[in-house]
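As structure tokens, the structure follows; a few thoughts come after it.
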Amino acid sequence: NLNLRHTHNCIWASLVSQLETDIDDRYGDLDSRTDSDIPEIPPSLDRTPEILKKALSGLSSRWKNWWIRGILTLTMISLFFLIIYMGSFMLMLLVLSIQVKCFHEIITIGYRVYHSYDLPWFRTLSWYFLLCVNYFFYGETVADYFATFVQREEQLQFLIRYHRFISFALYLAGFCMFVLSLVKKHYRLQFYMFAWTHVTLLITVTQSHLVIQNLFEGMIWFLVPISSVICNDIAAYIFGFFFGRTPLIKLSPKKTWEGFIGGFFSTVIFGFIAAYLLSKYQYFVCPVEYRSDVNSFVTECEPSELFQLQSYSLPPFLKAVLRRESVSMYPFQIHSIALSTFASLIGPFGGFFASGFKRAFKIKDFANTIPGHGGIMDRFDCQYLMATFVHVYITSFIRGPNPSKVLQQLLVLQPEQQLNIYKTLKTHLIEKGILQPTLKV
């Protein structure tokens with residue numbers, strides 16, 4: 001018996017060893033790859049307009065890039081102001097367009113690096129998952145902020161009531177299609193790309209959803225953070241261009257401590273001033289709401305205390321310098337310091353992360369959409385990190401319960417339940433003295 005058991009163990013060990021050898025032979029080339037084995041992506045074409053090339057032909061490459069970046073930056077800022085003037089709905093469309101373009105740029109890098117053009121259904125599935133995730137997030141937004149409109153449309157009531165189940169069913173369909181598309185000898189590669197798609201969705205769709213959530217809290221919560229990141233990017237570039245001497249981080253050799261510090265102080269000052277100017281107008285401070293009677297978004301309200309001038313006593317050392325006891329300012333300006341500080345100190349790490357990503361795959365830019373700037377993702381790598389911070393900041397320190405969401409939940413209750421809630425609320429308001437008790441005859 002001992003001999004038979006020993007023989008059995010030897011045979012089993014031999015089979016396991018042979019199996020491990022086969023696996024190593026089959027997949028060893030994938031596991032042993034290093035960064036130097038990743039294929040290089042062809043450099044992007046130069047899309048600089050010919051008129052700019054001719055006008056700047058006599059300049060060195062350093063100054064030529066300076067002027068191209070400057071002109072295109074001013075052009076993009078002008079277009080951004082135009083979209084702000086057109087209203088919150090156009091801003092939402094802008095966010096959605098940027099999200100789709102960023103997704104396209106990141107997914108395209110994956111296709112090129114892993115040579116996955118021949119993998120069945122993968123390009124189609126990537127975009128299908130994008131649609132599914134957008135359907136889920138924007139459906140949640142409709143349920144939260146368009147309650148009164150939903151109640152008038154029976155088809156929408158069905159979609160909203162079963163929204164999460166429908167979203168999950170759509171995702172399951174894509175998941176099953178992916179499993180059915182698996183091809184022998186390409187399993188690992190296909191799972192690489194499956195993970196790549198989901199991480200890209202996490203980076204782009206989730207963050208753009210948070211940007212729109214911030215916008216609904218009031219356009220000021222959208223504009224100040226985004227403009228702070230833009231200001232920090234511009235100021236850091238200018239300070240680094242003229243005064244930069246000390247490298248900041250190896251991932252991005254062109255970044256300098258001089259640019260980083262100059263960008264920080266410029267951004268805090270800019271955010272403080274921008275907060276003061278925007279806090280004066282209802283258009284920027286009021287939450288964005290959908291009015292079914294006019295069938296459009298409106299920004300009309302009585303501004304909260306956050307956007308009303310308050311008097312603050314100055315510290316003793318400032319009283320002596322400024323020769324005044326107090327100063328009037330909007331409470332939001334204090335919050336703007338926190339937002340600007342994050343935009344200038346932590347926000348750049350989103351750019352460093354993107355730089356590391358591009359170095360890993362031996363590319364200079366995500367795309368060549370904007371001459372002198374690269375792709376859309378190159379310009380919004382810091383914005384996504386900022387969007388998450390602003391959303392967390394609002395939910396932690398600013399926002400209370402959502403009245404629209406409470407109303408939406410009340411409207412789907414049975415009439416008897418609605419009457420019970422009405423009686424309870426009425427009794428509560430009478431006890432607090434807000435309502436006068438009705439006299440019984």
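Any Cβ shown, glycine's included, is placed from N, Cα and C.
The annotation transmembrane segment is assigned in TrEMBL to 66-98 (among others).
Tertiary neighbourhood of the transmembrane segment (119-138): same-chain residues 96, 100, 103, 107, 111, 163-164, 166-167, 170-171, 174, 177-178, 181, 183, 186, 189-190, 193, 197-198, 201, 205-206, 209, selected by CB-CB distance under 8 Å and a gap of 6+ residues from either end. Residues annotated as transmembrane segment in TrEMBL: 119-138 (among others).
For the transmembrane segment (158-180), the list of distant contacts is 121, 125, 128-129, 132-133, 135-136, 139-140, 142-143, 150, 190, 194, 412: same-chain residues at least six beyond its ends, Cβ to Cβ under 8 Å. Among the features that TrEMBL reports, transmembrane segment is placed at 158-180 (among others).
The transmembrane segment annotation in TrEMBL covers 192-212 (among others). Sequence-distant contacts of the transmembrane segment (192-212), counting only residues of its own chain at least 6 positions beyond either end whose CB sits under 8 Å from a CB of the stretch, comprise 92, 95-96, 98-99, 102-103, 106-107, 110, 114, 116, 119, 122, 125-126, 129-130, 133-134, 137-138, 141, 178, 222, 383-385, 387-388, 390-391.
Look at TrEMBL and you will find 218-244 (among others) tagged as transmembrane segment.
What TrEMBL lists as transmembrane segment is 256-278 (among others).
Taken from TrEMBL, the feature transmembrane segment applies to 332-354 (among others).
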### Task
Go through 66-98, 256-278, 332-354 and flag the stretch with the largest number of C-beta pairs under 8 Å relative to the transmembrane segment (218-244).
256-278
